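Step one of this worksheet: look at the structure below.
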């Protein structure tokens, strides 16, 4: 802890005190190895969950035709193309 009053003594003469005020960061969080590993694991799990969700949602639309495809087939049959 560097806080306190410091003086310098030269030839048995003491200088005026120098007051040092040191303030730690008030919003700092100590980050250690378990915290970092927890954040990384949570990020990987969230990414996998999101990828599976997108795959499942996108996989349901494969069997549907677009609106234009159905009309083109009907027009070809009606006019004998």
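Placement of Cβ uses the backbone N, Cα and C atoms for every residue, glycine included.
Remember, it's a predicted structure, so these values are computed and weren't measured experimentally.
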To which of the residue ranges 13-35, 36-58 does TrEMBL assign the term transmembrane segment? 36-58
Residues of the parent chain within Cβ reach of the domain 'CD3 gamma/delta subunit Ig-like' (1-31), under 8 Å, 6 or more residues beyond its termini: none
